[in-house]
């Protein structure tokens, strides 16, 4: 007998809640679409009424709980960085960087995912944000053999462009940084940032525009993240030693507190624990033909970004790589 799962979509529009009930087929049991607005709760079996969903249903505070709060009438999460933000030992950090002296705050998903598409809307720190890093990333949270896909937004002095750094770790190997200056002010309004991860490639998108593609080239000896599920994390922290102009510009605590805002989370992927067959199911949406390679339009957008806004590419850094890594070679 085929069972269906009922789900409730809860829109947090204080002071009242809007409920929309719809049916999900069994094929979707392995996928989770999560967000603050809306939050999706899956009830196995018969539909039952429950308490309204909250941010805590799908995410957890991982760092400095007092510096995260609901904002904009409950429609967003505000992260705050000031000198009272907590510095945690490395075993309390969501990422495996050494953070014994790091000051900041953050949250992460309660589940890990194996392949999928993850996006969220972020409004970055306004004004003088030098020395800060606002991050959105996926991380396997394993020891030295980790996988990680990073968006890191590097703070700036007022009037200077915001730089986004992307990085990829696979099988414990990282140091694949690229940096792009954003072509808009990301502190004025929300913009959508997306990570697509499937068997074919990893793509980082800004408002639907691809700014980086990492193709699965294991046949060329390039490590590719394919064996470890990853959680979804967001953090705001101080990195005066490297974030702005290589550490020349330090954080100005007199400008604190610094605020970053997150909303409209969307995770489409194979939740772990979950059906083992999900990750290898090539009929998953993110494995479809439309997601196996950049479309002609996306390819043109990608070249436009690289020609006009890319300011650093590890592939061309001969001081670090006299011989370009295999994935950098045509």
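Note that Cβ sites are derived from N, Cα and C of the backbone, with glycine treated the same way.
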Annotated stretch (transmembrane segment, per TrEMBL) among the listed ranges 6-24, 63-81: 6-24
Transmembrane segment range according to TrEMBL, out of 36-55, 96-115: 36-55
Count of other CB atoms lying within 10 Å of the CB belonging to residue 152 (active site, proton donor): 19
Packing count at residue 148 (active site, nucleophile) (other Cβ atoms within 10 Å of its Cβ): 23
Other C-beta atoms that fall within 10 angstroms of the C-beta of residue 156 (N-linked glycosylation site): 24
Pairwise Cα distance for residue 156 (N-linked glycosylation site)/residue 148 (active site, nucleophile) [Å, integer]: 25
